[in-house]
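Here is what TrEMBL says about this protein:
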| type | residues | note |
| --- | --- | --- |
| BINDING | T29, E63, K177, R244 | NAD(+) binding site |
| BINDING | F60, L61, A62, E63, K118, F163, L164, N165, A166, S167, G171, K237 | substrate binding site |
| ACT_SITE | C174 | active site, nucleophile |
| DOMAIN | 230-363 | domain 'UDP-glucose/GDP-mannose dehydrogenase C-terminal' |
Amino acid sequence: AADLRYVEEAARQIAHTATSNKIVVEKSTVPVKACESIKTILKTNKRPGVSYQVLSNPEFLAEGSAIHDLLAPDRVLIGGDESIEGSLAIKKLSWIYEHWVPKEKILTTNTWSSELSKLVANAFLAQRISSINTISAVCEATGASVKEVAKAVGLDSRIGNKFLNASIGFGGSCFQKDIYNLIYLAESLKLEPVAQYWLQVIKVNDWQRERFAHMIVQNMFGSVSGKKIAIFGFAFKEDTADTRLIIKLKSSFYFYFLVWFSESSSIYVCRYLIDEGATLHIYDPKVTSERIFLDLSEQTGANETDLLNHVHIANEPYAAAKDSHAIVVCTEWDEFIKLDYELIYSTMQKPSYIFDGRLILDHDQLMSIGFNVFCIGKKPPKNQFLTQSPL
């Protein structure tokens with residue numbers, strides 16, 4: 001179950017402070033029926049003569065493009081009570097949005113639909129990523145290219161091409177949290193097949209991360225112990241410094257107990273390689289060294305002093321790659337596409353490897369330079385130097 005203590009505390013503060021009628025707008029992503037909890041708290045703690053209307057107005061902002069998403073939203077969703085008072089409250093909030101949002105993009109629903117729509121939107125986006133990632137494994141086994149398959153499928157107007165980029169898995173503060181809220185809701189409603197279905201989206205995401213990390217070790221003669229590996233990118237996506245370690249709350253049926261888990265796929269890959277004995281040189285243009293050490297400390301259980309034996313922070317990508325055995329691309333920063341890989345290759349140990357977890361690099365060009373290139377969703381060419389462990 002989600003932790004709503006701060007939402008509930010905010011509702012109590014409003015009830016104790018407000019001296020006139022108020023419209024309370026719920027903006028945060030919350031579980032379904034959170035509005036009911038807020039209304040109950042307001043009703044039982046309100047001052048005499050004060051009444052409230054509680055609206056659900058979930059945000060659909062994406063990290064890295066939040067200002068644009070606010071100024072030019074795909075839609076604005078407002079949910080309220082199906083009553084005269086609820087309709088009036090919805091109209092008042094709609095009037096504010098109409099100053100910059102076309103009226104046809106403002107959708108009004110009841111509170112249940114509004115709250116559930118936010119969870120479902122993020123769940124569907126995550127589902128698409130997990131779906132194409134399962135196909136990436138099929139492509140690697142058959143010789144197909146997941147980029148070509150995704151392009152062919154995405155041209156179907158019924159499907160579209162958004163969120164069909166195979167990768168090492170989704171991250172961020174929303175997708176997993178909202179899927180777990182959806183699973184918890186399904187459990188509470190005794191809808192076991194629904195809960196199991198959405199749980200598979202999370203399991204595929206975890207499996208994809210593990211597959212990629214295992215690919216690195218297996219294709220470097222079966223061992224990375226004592227080897228220097230450059231990590232390009234630590235944030236969960238480009239244009240943000242967010243790595244987002246959060247707490248996963250699990251219920252009695254399908255879940256474990258309270259544990260820390262990483263939202264950035266890079267954190268999982270780094271932990272895996274550290275456990276295998278590699279020395280990591282990490283570069284990310286936005287994430288601070290303090291954040292990197294904190295996240296890896298939480299993931300590995302090691303203190304910062306111990307991590308210094310395995311983790312070094314580079315100020316630029318060329319320094320991270322110098323004398324390394326391999327480069328691992330974990331975040332799709334544009335600057336990684338524009339690097340001088342001929343120069344980088346000349347400074348690396350030989351054979352030199354690149355593992356592209358985001359499918360952003362020109363693999364043919366890299367192979368012509370001399371790199372051994374491995375990526376998600378494509379079988380490596382047969383003429384690459386044989387480096388895979390027979391085990």
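Any Cβ shown, glycine's included, is placed from N, Cα and C.
Of T29, C174, K177, all annotated as recorded positions, the residue with the shortest Cα distance to K118 (substrate binding site) is T29. Regional average pLDDT for the domain 'UDP-glucose/GDP-mannose dehydrogenase C-terminal' (230-363) in the model is 84. Neighbour list (A62 (substrate binding site), Cβ cut-off 8 Å, at least 6 residues apart, same chain): D69.
By the criterion of other Cβ atoms within 10 Å of the residue's own Cβ, the least surrounded of the binding-site residues F60, L164, A166, G171 is F60. Helix, strand and coil counts under DSSP for the domain 'UDP-glucose/GDP-mannose dehydrogenase C-terminal' (230-363) come to 43 helix, 27 strand, 64 coil. Looking at K118, K177, the binding-site residues in this record, the fewest other C-beta atoms within 10 angstroms of the C-beta turn up around K177.
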